[in-house]
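> According to Swiss-Prot, the feature transmembrane segment maps to 62-82, 123-143, 179-199, 213-233, 253-273, 276-296, an assignment based on sequence analysis.
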Amino acid sequence: MASSETLTITDYITHHLQNMTYGKLPAGYARHHADGEVHVLEHDTWTMAHTAEEAAAMGFNAVHVDTLGWGIFLALVVGFFMRRVAVKATTDTPRGMASFIEFLVEGINGVVKDVFHHKNRLVAPMAITVFSWVFMMNLMDLIPVDWLPMAAQIVSGNEHLFFKVVPTTDPNATLGMAVTVFILMLFFSVQQKGLWGFIKELTCHPFFAPRKFWYFNLILIPFNFILETVALIAKPISLGLRLFGNLYAGEMIFILIATLFSVGLLFGFLGGILQFGWAVLHILVILIQAFVFMVLTTVYMAMAHDRHDEH
């Protein structure tokens with residue numbers, strides 16, 4: 001695609017940053033076709049977006065098909081290999097994939113034991129699942145940026161098809177995972193502390209006056225509630241945006257390097273060297289971001305189980 005004569009470098013970059021979007025265009029929306037024809041919709045219409053402007057016009061009533069599809073596919077891949085190893089597990093020394101899975105499970109279990117000091121059988125499997133899934137989604141960033149989009153265009157017969165293959169470069173995916181972690185955090189908080197204990201945690205920390213100065217709490221409780229609520233909401237936002245920002249930046253660098261192939265043979269050769277060098281460095285980003293997301297998820301689960309001293 002980088003060498004296409006119909007695309008400028010700006011068009012190329014914009015095209016690679018746009019998701020395949022299915023959604024509802026409002027009645028009265030004017031669709032501009034490639035042949036110059038303009039079609040005004042008479043009714044609200046569910047359709048695939050042909051341009052970035054159409055995707056934006058769909059607003060909240062839209063689904064990023066590529067993000068959803070690749071996310072589900074990679075989750076199934078992780079589940080398949082985990083189940084295959086579990087079914088074939090024996091008391092003998094593990095080899096091949098089984099050895100790698102054992103190394104992964106033992107390593108993450110060690111991290112969970114260091115961070116999570118409570119009893120909950122769900123947390124370690126959750127951490128393993130989160131790390132494996134996020135790592136696989138991040139790993140898609142190492143596939144050359146044009147390969148899968150071009151294959152999708154050939155199969156579909158649509159040379160303008162949008163097709164992003166790295167789910168974690170879509171903030172909808174990363175924030176969606178972060179919100180799920182946030183909901184689990186709230187669930188375990190209420191489960192472990194009770195609804196009243198959870199409310200007290202929001203209103204009686206970090207500042208609380210002794211009983212003989214109870215009247216100061218009339219001021220401190222609203223202040224505490226604002227501070228704790230902001231801190232609580234910031235957790236999923238920072239968790240999701242951290243993963244998105246790092247992977248999006250890495251993907252953008254790959255795309256910018258790929259534009260060198262359209263300039264000429266010399267720049268194409270330079271681009272190949274840069275692609276390889278950045279891919280090697282980006283492996284660390286892929287691993288670290290999956291690890292950080294997993295560790296923070298475990299930390300948030302530990303915070304949900306922690307009990308503050310009663311006043």
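The backbone N, Cα and C atoms fix where each Cβ goes, glycine too.
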> Select the range from 62-82, 179-199, 213-233, 253-273, 276-296 that forms the most Cβ-Cβ pairs under 8 Å with the transmembrane segment (123-143).
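Counting Cβ pairs under 8 Å, the winner is 276-296.
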> Apart from its near flanks, which chain residues at least 6 from the ends of the transmembrane segment (213-233) lie with a Cβ under 8 angstroms of it?
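Sequence-distant neighbours of the transmembrane segment (213-233): 201-207.
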> Give residue numbers and ranges for long-range contacts of the transmembrane segment (276-296): same chain, 6 or more residues beyond its ends, CB-CB under 8 A.
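Here the qualifying positions are 108, 111, 115, 127, 130-131, 134-135, 138-139, 141-142, 168, 177, 239, 242-243, 246-247, 250, 253-254, 257.
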> Cβ under 8 Å to the transmembrane segment (62-82), counting only same-chain residues 6 or more beyond its ends: which ones?
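Cβ under 8 Å, 6 or more out: 19-24, 48-49, 55, 97, 101, 129, 132-133, 136-137, 140, 162-167, 170, 172-173.
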